[in-house]
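K.L.:
Below you'll find the structure I mean.
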Amino acid sequence: MRKTYKILISGQVQGVGFRPFVHSLAQEFLLTGTVSNNEEGVIIFVSGLEESVFKFYKKLIQFPPPVSRIKDHEISLIEDMVYDGFKINPSKKGGQLNLSLTPDFAICDICTIEISDPENRRYGYPFTTCVNCGPRWAITNTFPFERNHTSIDEFEMCEACLNEYTDPEDRRFHSQTNTCATCGIDLFLYDQSGEKVVVPKATLFKKIASLLLEGYIIAIKNTSGYLLCCNAENEEVVQQLRDKKNRPNKPFAILYPSLGHLKDELQVNALQEKSLTSAERPINIISLKGYKGKIALQKVAPGLNQLGVMLPYSGILQLLANELAIPIVATSGNIHGSPIISENGEALEKLKEVADYFLQHRLKISHPQDDSVVKFSTRQNKEVLFRRSRGYAPNYFNATLNSGEKIMALGAHLKSSIAYNPNEFLYISQYLGNLDNFDVYHRFTTTAIKFIDLFEQKPELILYDKHPLYQSTQYGMELAKQLGVKSYQIQHHKAHFASVLGEHELFDCANPVLGVVWDGTGYGDDGHIWGGEFFDFRSKKIERIPHFEYFDWLAGDKMAKEPRLSLLSLAGPQMQSTVSEKFSKEEWTIYQALQKHNKLKTSSVGRLFDAVASLLNICDINTYEGEAAILLENLVINYSLKDCKSYLNDIEDVISPKEIIHKISLDKESGESIEQIIINFLYTLALSIMAMAKSRNYRHIALSGGVFQNTTLVDMLIELVPKEIKLYFHKELSPNDENISFGQIMYYLHLKN
Amino acid sequence: MDATKLGFDTINLGHGSGGTMTRDLLDKIIFKTFNNPYLNQKHDGSIVKFDRPFAISTDSFVVSPIFFKGGNIGELAVNGTVNDVAMCGAIPKYLSLAFIVEEGLEINDFIRIVNSVKRAADTSGVIIITGDTKVVERGKGDKIFINTTGFGEVHPNANISANNIKVGDKIIVSGFIAQHGMAIMSQREGLEFESTIVSDTTNVNFLVSDLLDKFGSKIHLFRDPTRGGLASVLSEIATDIEKGVAIVENHIPLEKQVAAACEILGLDPMYVANEGVFIAIVAAEVADAVVETMRNHEKGENAVCIGEVTEEHPLKVVMKSLIGGKRIVSPLIGEQLPRIC
Ligand SMILES: [Fe+3]
Ligand SMILES: [Mg+2]
Ligand SMILES: [Zn+2]
Ligand SMILES: [Zn+2]
């Protein structure tokens, strides 16, 4: 018997080809009805045999379009209706919108084949997209995702494109970003002075490839912002790029022309391969073990045995890759510390000293994004997100939101991000960068305003960190005043803890949870600099329990830049002569005097890593953020837990970083290998967590903070944890300060009382 | 003056009693030093005459240590207030002087300070017309505190007000920054830098009145970037006028040794206190001439234009940094806390 049903589906279901997919599926099951987007997601009315409808429903839920994400779905019987075939109805914009925003998707396999096929009408067209792929968040101007709400709207579809768009049988049926060479976006090559370089369209990418091979630096406007590219095998040009970008040592990411080429040079495991070819297509940090290529490694990733690599994720990069025989450096188009550039004029102005050529186009980028970065731990294959940006932002699904309030959280300072909860969804911006830089700050405030405009919802509450000097704190106060709304400040490490609790929806957990929040710097409730914290969560409350023993925080921000200062602060009297060699005579006397009157204390584990790196002569002064910790981990090739020893005698309520440093210096003097000392150090840290959990009977441990970007420590924890204890690491967010904005919302919703 | 003839080595509570000991101290030190018709009346106060609108400014000085390289609390107490009056576009004329002395202060130190007050007052052309001396119990003070209030006649050409500031106005600093704060701090904390850093406490009132003679209402604002440093003063101005302030890092006058000391301590010189340095915000068309005039004056030898008032980034001070890129200069809030992870 024929019946009519209403189906509601919410989640990442708009801008992912959901309606066309429903359309063809309905036809497969001989159903009639309609599908449209509404304020809550996708709404389907289907009429047909009951059995067919349920088969259709099951298939829809089980095998939705590749880049969609279903959050909720329901089906209900309604009064019988008669439809004329199956139709896609245009979106209606009603009152409050409850939808996810669609992230950027890497070019799909079919589109890749099309642009590489001389027979295809999209051969060589760099902005080829379909319902399953292409930019989304980058070009979104208003909500929800419809062509006329994006920057693509400037380009009117030609007849051929319109035919595809309206043909239910076509892969580009209702593809909002549909364009072709006839109606779409042109690329132009300019030289340094802004003069157009005339190149026939058909040979443009050949020309760029040959310029790269010849050793030029090229700024390429991609769909998510500018990339600076050069030949990775040419030591000279990589050094030139370093000099011009004022980036002496921080590793560059490499774009490989193909997975095959990448696999010829590096060992890529199945998980890495999956990640590298996923719709998010992040940079993967991969071990250089057995490296067989010709990349100028000492210039690309100085002193490191790992490399950040990625594969082409846009039509532009794919077409370039088709002409490339070499891996290229592909790094964010900016000058040290400034945000990634996305405007043509700005690029010519700010990068003219850096790039020799500019590849530009007219597609306006509303939300510029850096490339996301992930790393899989070596032994346990645990995926750790280092930077959440293109491909991931701005949706966030795994959180219990129980607020009637519209809340905006402004995160931290150095790795800033903004979280917004204007409806039943939560949105977390891409990584925005260090707010000391005015251009980053400008992008940060613009993003906050864009969020408000996009959702047409003013926040009713602003959350920010407790640190009085974070630019995000200061902006939060300004914004709250401007909007005339309440604000609330949340301690940094409590936000970190709430963040990881939120990712695993642990707020209703019946058992107590041990929170381990280790990072470099955060302003503590007692006015000291926290960073080696343990928290207890039970009965909806968190409490700070023992922390790493305080030591002196010296010389302001300089201490975070100079690991030798952390060593000086932690070194015992018997180490003075070794440590003093790292300082000039003047510095040494000054710092001795400074210590006598010093009032500011810290429990920072980040600084303990710094001290160890300095003690082992790995790094005394950072040239980029986190350098010492990265170089330290880098020296661990492999370890065996049974050969490890702890640098702490017994772990009671206080963990003494001074004792750890003392023991390490003894080990070093006795001739222990540097690698084994680092392994023992990480083992000591892992053990201290286990000891804390066991002595206090925790069965759940939740970990957050930048220290857990150390994948060796993560591996050790996974290997040391007894069966009855469960570890919770961040899943879809980075353990570093990028998760603070989310944590602030979680703290406010679940813990503030 | 010779301490041995006074018959006591230290100041004690009796000197603050109001009795003969107090009288003795005042007669032998204060009145003898300052010796002018206003004070000599030995009245409860002084009557003075002003021909024009006048400016008043008061300040308390609690610096530690009280003797530092380049000066002591005495001249600081005069210069600080004299300069504050000058910042109002006025010509300082009279000063009140009040001491709060902690029991036990050596009389020789007191005399040194009083003499410095006298010298500084003479140099800047002000007369001490009234005063007060109190003694507090040991532990209730820190050697000596001084309060001064300055009175000055507003310069006939002056029209100093933040309201006059316009977009495009230039910001000029009269000399090297951060020197005073670093001198005090290094001595207080016992930090021995290889090169000695000397406080530049001095009076700038004559330079200010020269500028007013020449440029009058083209000078829109004077400010004295004392506590909180240049950063805090510029931030206050940006907030007050609801405009942006754009400055250039490598224009900021900073002496090498001070820069090096700040670097070692991880301090930002923009937040370090200054004395004897002021900023002028002036109409763009006179900016070069103002700098020129300052440079021809002993107290403004190192004057330089560091930036301008802008329509961009209202309420914010933004500094174009040495290595390219711009950074936000926030006002000082409490102490300089680390933020980097
Ligand atoms: Fe943190
Ligand atoms: Mg004052
Ligand atoms: Zn596609
Ligand atoms: Zn077309």
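Using N, Cα and C of the backbone, Cβ positions are placed for all residues, glycine too.
Keep in mind that TrEMBL annotations are predicted by a computer and have not been checked by a curator.
As annotated in TrEMBL:
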type	residues	note
DOMAIN	A:4-90	domain 'Acylphosphatase-like'
ACT_SITE	A:Arg19	active site
ACT_SITE	A:Asn37	active site
DOMAIN	A:202-391	domain 'YrdC-like'
K.L.:
For A:Arg19 (active site) and A:Asn37 (active site), what Cα-Cα distance in Å is obtained after rounding to a whole number?
P.N.:
8
K.L.:
Can you tell me whether DSSP puts A:Arg19 (active site) in helix, strand or coil?
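P.N.:
DSSP assigns A:Arg19 (active site) to helix.
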K.L.:
Taking every residue in the domain 'YrdC-like' (A:202-391), what is their average pLDDT?
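P.N.:
The answer is 96, the mean pLDDT of the model over that range.
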K.L.:
Using a 10 Å radius around its CB, how many other CB atoms surround A:Arg19 (active site)?
P.N.:
24
K.L.:
Quick check on the domain 'Acylphosphatase-like' (A:4-90): DSSP residue counts for helix, strand, coil, in that order please.
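P.N.:
Computed counts for the domain 'Acylphosphatase-like' (A:4-90) are 24 helix, 38 strand, 25 coil.
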K.L.:
Using all protein chains in view, find how many other C-beta atoms are within 10 Å of the C-beta of A:Asn37 (active site).
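P.N.:
Excluding its own Cβ, A:Asn37 (active site) sees 24 Cβ atoms within 10 Å.
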